Amino acid sequence: MSSEQQSNPPNMGNPVHLLAFGFGSGLSPKAPGTLGTLVGIPIYLAMQPLPLVYYLTITAVAFLIGIWLCEQTSRDLGVHDHGGIVWDEIVGYLVTMAFAPSGWFWLMIGFILFRFFDIVKPWPIRWVDQRVEGGFGIMVDDLIAGVFAAFCLVLLNQWEWF
């Protein structure tokens, strides 16, 4: 749930803000969520060779850290879910790709599916986005969008459509 109210500027010298803003990608005046998701691609590529249990553990830790990062940054900025906070998009993309086949095609399909679910917010994503507050609220709607996108990737792969 992005807010349009006036906020304090982020401090990229603060490591909490730097991470929450996706290493600066969230500073983009246009489509910060999309740019934040793009930051997730090299992170995914670095994690892809790991055994699944390590991949899922790192993603879960990133989610838990994200609750705190997003909560703290929101408080510092004085606005809930500032549009530039994109750590949630990075983690959501990692969730999307957890069970994806290897290859650039799947990487791009995962990107498109995650952005679709994150932007359109079909039920229950929109319901959660509008009702759950704080750092957990910022993170959990993207977690659900990532699960939806991951499910679609698994189905596409199982049905051998591509």
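Numbers here mean position along the shown chain, with the first residue as 1.
From the backbone N, Cα and C atoms, a Cβ is placed for every residue, glycine too.
Quantities reported herein were computed from a predicted structural model and do not represent experimental measurements.
The domain 'YutG/PgpA' annotation in TrEMBL covers 19-156.
Marked as transmembrane segment by TrEMBL: 52-70 (among others).
What TrEMBL records for 90-114 (among others) is transmembrane segment.
Residues annotated as transmembrane segment in TrEMBL: 134-156 (among others). Taking Cβ pairs closer than 8 Å, the transmembrane segment (134-156) reaches residues 1, 63, 66-72, 74, 80-81, 85, 87-89, 91-101, 106, 109-110, 113-114, 116-118, 121-122, 124-126, 128, 162 in its own chain, all 6 or more past its ends.
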### Task
By DSSP assignment, list the helix, strand and coil residue numbers for the domain 'YutG/PgpA' (19-156), in that order.
107 helix, 0 strand, 31 coil
### Query
Roughly where does the domain 'YutG/PgpA' (19-156) sit in mean pLDDT, to the nearest integer?
97
